[in-house]
Amino acid sequence: MSESVHIAGGTGAPLVSVSGLTVSFDRHREEPIEAVRDVSWSIGSGEVLALVGESGSGKSVSALAVMGLLPRNARVAGSIRWRGEELLGASEKRRRALRGSRIGLVPQDPMTSLNPVYTIGAQIREGIRAHQKLSEREMAERTLELLETMGIPHARERMNSYPHELSGGMRQRVVIAMAMANNPDLIIADEATTALDVTVQAQVLDALKKAQALTGAALLLITHDLGVVAGRADRVAVMQRGEVVEQGTVDEIFYQPASSYTRKLLHSIPRLNHTPDLSAPSDVAPDAEVIHSAFERKVGAEGAPILSMRNVGKHFPVYSRGVIRGRVGVIKAVAGVDLDVEAGTTLGIVGESGSGKTTLIRSLFNLEPITHGTILFDGQDVHRMPPRDRRRMRKCVQMVFQDPYASLDPMMTVRDILMEPAVINRMDRKLAERRVMELLERVHLKPEHAARYPNEFSGGQRQRIAIARALMLYPRLLVLDEPVSSLDVSIQAEVLTLLKELQKDLNLSYLFVSHDLSVVAEIAHSVIVMYRGRIVERGRVDELFRNPKHPYTRALLSAVPIPDPRTERRRERIVFNSDTLASPITPVERTGMWRRLFGGRTQEAS
Amino acid sequence: MPSSTPASAMSDRAVEIGQAPAQEQVYRPWRAIARKFFSYKASVVSLVILILIVLFAFAGGPLWKYSYAVSTSDLSAPPSWEHPFGTDHLGYDLMAGVMRGTQRSLSIAGTVAVLATLIGSIWGAVAGYVGGWADSLLMRIVDLIMIFPLLAVAAFLARQSQGGEHGWLLVALVLATLSWTVLARVVRSVVLSLRTREFVIAAKIAGAGPVRIIFRHLLPNTVGPIIVAATVLVASAILSETALSYLGFGVQPPDTSLGLLINQAQGAISTRPWLFYFPGLFIILIALCVAFIGDGLRAALDPKQQRK
């Protein structure tokens, strides 16, 4: 790996040097908007530079400018040099020659960057064909080699798979394979792991690093996540509102941040306070019963559970492919979950996508009726309540969603959005109006914001509006579904602080769902870890994070990025091999005639 | 108060909060929408022109010295001060004809647009939101209506009715029943993508029923595509009416419509071109104005479109 000799202005011409770059976008009948202002950075061969910043900081725009992929209404000034050659003003032909062959791009969402109607093999070959003269056979061999390098199992068969047949992490590795297909000098990874689960994120980052090491390329890592940067970058440039506020080696940035903004960013990253002890190997079998790590159920203690779930399950039918769609099995999205939320506390549910956590919380609102089990609210069976009590319960349990851009009706003013639950539940109008104003104040918004529409607010403000809406009906339990995952780190911290404050003042109970362990560690009192519809481990936050027992929990914890370069470089990851667990699909028992006719179809669906 | 029941907790806290009434907010969304609409020059100009056309058509008739139904002694006169739009070979004053024709065409287009938009958007929203067998049933009915050949149906109805004073209303009703299906399809497809959005789920969790979700959340968020489809409907209704009148259904001479006027001028394009140009100009003006007004309306109703 390269040392930090490649500081801008060091010996020899850097691979890419950007100086005084200013990009503004022309807008229809409005002042042009400046996305990047007088930005300078450079990257040497084989070096890893991280461009870090929150949304709107201009980090992606400067990378697009290097690629020459800015939209037509962009105005670019300054200079971008490629090995000393000026790229601004260069011919489109020259820039196209650089793209794809000398520069490889790994964008954020692999589902949209891969064409769904071509096999992945064909898409990798297309990239090679554009820049190299190889025979079909050589090309196939190269493709296979690339996929194998990226750690894709059964690469030969996978070449003929379509993007939708692969998992998110697998797809992203295919995209990395495409980016390195022509042995580029520079790989740009634009938020390449943001959409992925932690364990997958760690794997993909390792794959990126491997691709970089193999091709000797420089790596431009664009991210909002300082944790991702810590163990992998040589140098870091921190961007804010279109300007570079600070540049330096990774150790300088993390241990002696000069600017107050960097300090604020570092400070607002939620951390796992208890570094887990993962040195000793786990002696727990992966499919063992639920592990209660130091989990004391206080029977009859002051905190009676406000919500209890007993053996709750939700099954979805699986159909075979083909003309006659026989039901061949069920997916147990949630398979027998027990949990308790103590009044006034927060229960965190941790799990990756597909672990059943969303299905579980939707069952609370009867959006997905459960297949079996009982849900008790305040000791009363939810499904056996008389309608009057059920209506009352509905007011007591409210929800905050992940994406504040999708959860507020864009055609309604903030006032109407907040009023809606009150109007539906026939709250006195005067009282409700007053409640709206009081809640706006509670979530640190101003009364005059009531007349505005959601699009006039930032993500963090919108999430606070969503929280205010959930509070309209004086709930006692809030279900928070990844409430901070789509927010910038500094905003995350604000919203978490607000949630804690509200919990204390209003004696609220939270059911807090997240894939981000450090966020859960920050807010939850106890945690359950879900994997494939089951709870694999549960316990008090400090206990569970200090001494995780289940191999899956340990893998999760070992994958959480730690914003500390020294620790991060030394870390070893625990990989959890999911193959040791049974398939989540349970075949339907078929007898006699049916088995003879359709028995063989079970395989297809899995 | 963890032990208190939800109901008592509610009243307790309500009293606490009652202390701090914030200043009442002046809340007039319609005023803001109007202000935004009037900031679009093309839309405002179109609105003014359309109002002038409406005045010309509805108030002009009784004021103008000639009647569309009474011929004059000037045969085939080109436009002049006496006859600004000229006359045809029977001596009918074309300006009187255009006034009457615009009146009829506007009535038909307006009725079709309002009826078809109402039926189509509600139909499509219900189908898209409820889903399942209801969706299948509703959309198969739409398919069925779509395969009705417009002209055959019209020709059949033409035999049943004999024009008359309310002939135009019948034309409008037939056109509306045959054209709302386009809106139903557009609205359904938008609603299908909206129904799983989190703001709809949030409303459900707050206890909203299907009627509230459809009218308060789904339809307002479909307003863009609805307006686009409705403006197209206005123009196509004017043109469909031409075809129907040609078949002898609906608006019949001596009553007239813009379509009918153009139709009658067919044979005279080379000899008396004005007979063709003036009604044509009015059709184009109306269609353009409606399209621009629709555009401004769509932008004004959509809070995502910011204007200073």
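Glycine too: its Cβ is placed from the backbone N, Cα and C atoms.
Summarising the annotation, TrEMBL assigns domain 'ABC transmembrane type-1' to B:102-294.
TrEMBL lists B:38-59 (among others) with the feature transmembrane segment. Note on the transmembrane segment (B:38-59): residues 99-100, 102-103, 106, 282, 285-286, 288-293, 295-297, 299-300, 307 of its chain, located 6 or more positions outside it, place their CB under 8 angstroms from a CB of the stretch.
Counting only same-chain residues 6+ beyond the ends of the transmembrane segment (B:108-130), those with a CB under 8 A from a CB of the stretch are 138-139, 142, 168-169, 171-173, 175-176, 179-192, 195, 210, 213-214, 218-219, 222, 226, 229-230, 233-235, 237-238, 241, 251, 257, 286. Residues annotated as transmembrane segment in TrEMBL: B:108-130 (among others).
If you look up TrEMBL, you'll see B:137-156 (among others) marked as transmembrane segment. If one looks beyond the transmembrane segment (B:137-156) by at least 6 residues along the same chain, the residues whose Cβ comes under 8 Å of a Cβ in the stretch are 123, 126-127, 174, 177-178, 181, 184-185, 188, 240, 243-244, 247, 249.
Here the transmembrane segment (B:168-187) has long-range neighbours at 104, 107-108, 111-112, 115-117, 119-121, 123-125, 127-128, 138-139, 142, 145-146, 148, 150, 153-154, 157, 161, 219, 222, 225-226, 229-230, 233, 236-237, 240-241, 244-245, 249-251, 255, 257, meaning same-chain residues at least 6 beyond its ends whose C-beta is under 8 angstroms from one of its own. Per TrEMBL, the feature transmembrane segment maps to B:168-187 (among others).
Taken from TrEMBL, the feature transmembrane segment applies to B:218-239 (among others). Through the fold, the transmembrane segment (B:218-239) approaches residues 105, 108-110, 112-113, 116-117, 120-122, 125, 128-129, 172, 175, 179, 182-183, 186-187, 190-191, 194-195, 200, 258-259, 283, 286-287, 290-291, 293-295, 297-298, 301-302 of its own chain, all at least 6 residues removed from its boundaries and within a Cβ separation under 8 Å.
The transmembrane segment annotation in TrEMBL covers B:274-297 (among others).
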